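Copied over from TrEMBL:
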{"type": "DOMAIN", "residues": "26-147", "note": "domain 'Type II secretion system protein GspF'"}
{"type": "TRANSMEM", "residues": "124-146", "note": "transmembrane segment"}
{"type": "TRANSMEM", "residues": "176-199", "note": "transmembrane segment"}
{"type": "DOMAIN", "residues": "231-354", "note": "domain 'Type II secretion system protein GspF'"}
{"type": "TRANSMEM", "residues": "335-359", "note": "transmembrane segment"}
Amino acid sequence: MKNNFFGSIAQNINIWSSGHDREYLVDNLSLLVGSGLTVPDALKATMTGVKTKTMTKTVTDIKDNVEAGVPLWKAMEKTKIFKSHVVSLIKIGEETGRLANNLKVVRTEQQKELDLRSKVRSAMIYPIFVFCLTGIVALGIAWFVLPRITQVFTQMNMTLPLITKVLIWLGDALEAYGMIIIPVALVIIFLTAFFLFYFSLTKFLGQRLLFVLPGIGRLMQDVELARFGYLLGLLLEAGLPIIQAIKSLSETATFQDYQIFYEYLANEIDDGRTFNDSFLSYYKLKRLVPTSVQQLIVTGERSGNLAGTLLSIGATYEAKSDITAKNLSVILEPILLVLVASGVIAVALSVILPVYSLIGSLSIQ
């Protein structure tokens with residue numbers, strides 16, 4: 001477990017850094033080879049703009065291998081930072097004389113992937129900011145205000161409401177053990193977030209949680225369907241075999257449920273089944289892929305225009321993800337408002353109810 005925990009952290013850091021490296025390299029190769037430079041010259045030109053040691057070593061290794069007569073795709077495969085479909089596209093490009101075109105395809109795919117991930121991050125900034133701000137305010141009230149209020153209530157010789165007793169208990173606990181409770185609570189929150197959204201063995205739980213949240217689940221599905229459409233369409237259009245193209249989807253899919261579906265779909269197609277037969281036998285498909293999208297794919301397969309149909313699906317859901325991301329704050333605002341208001345009302349009632357009881361008892365006397 002310990003090895004898995006730290007291994008997952010190292011893996012996430014490695015993926016992040018190597019991701020930036022390969023984006024930089026492919027972008028530059030696409031532009032330079034497309035402008036007419038040979039691959040060795042393009043690699044030399046790319047090295048002049050390299051700033052990190054990791055990137056320098058990567059480009060140097062590729063350049064040395066290419067100058068020694070190794071094909072570009074093989075040299076890139078040896079670095080182990082490029083996904084299999086990227087290597088396959090470059091291999092097909094070299095073998096068919098369409099290297100510049102296939103590098104452009106890879107560049108387009110990477111740019112779209114960045115755009116989709118950026119939409120998700122941007123959409124999540126607002127709710128995360130509100131939750132963090134609410135947490136800071138609640139922490140300040142709990143640590144500095146509650147202990148003083150509890151001192152007043154404990155001096156009253158009267159029966160207190162349950163909500164006030166809970167408030168007093170919380171205030172006493174924070175006053176006595178606040179230096180322990182707060183750090184422990186922060187560590188628990190951090191570990192919970194890590195295991196739900198980053199740890200490879202348990203992050204599917206966080207993904208399923210996101211899928212049922214209003215607005216966020218819709219955005220996640222739109223992004224995944226946009227990725228499914230444009231990536232599979234681009235790969236098929238560039239000449240990648242359909243089995244390999246579908247397997248490549250599982251490498252780029254963000255959510256485990258989609259990864260499992262893509263692996264299943266690749267196996268079904270490899271066994272000679274059609275998309276229609278594969279869709280009918282997958283019982284969880286309606287939750288992942290809408291019926292209308294399934295029908296479009298089946299029609300595209302039958303008409304011989306599968307790549308074009310998939311690209312249209314990708315464009316449609318990319319536009320939908322834009323709209324969903326823009327409307328996400330509008331969808332979440334009422335929910336966040338209710339959560340914040342509930343906390344404020346709870347504190348207010350715990351303070352006001354004993355005061356009213358005290359005033360009532362004084363009036364009777």
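Each residue, glycine too, has its Cβ placed from N, Cα and C.
Helix first, then strand, then coil: DSSP counts for the domain 'Type II secretion system protein GspF' (26-147) stand at 103 helix, 0 strand, 19 coil.
Helix, strand and coil counts from DSSP across the domain 'Type II secretion system protein GspF' (231-354) read 105 helix, 0 strand, 19 coil. Mean pLDDT for the domain 'Type II secretion system protein GspF' (231-354) in this predicted model: 87.
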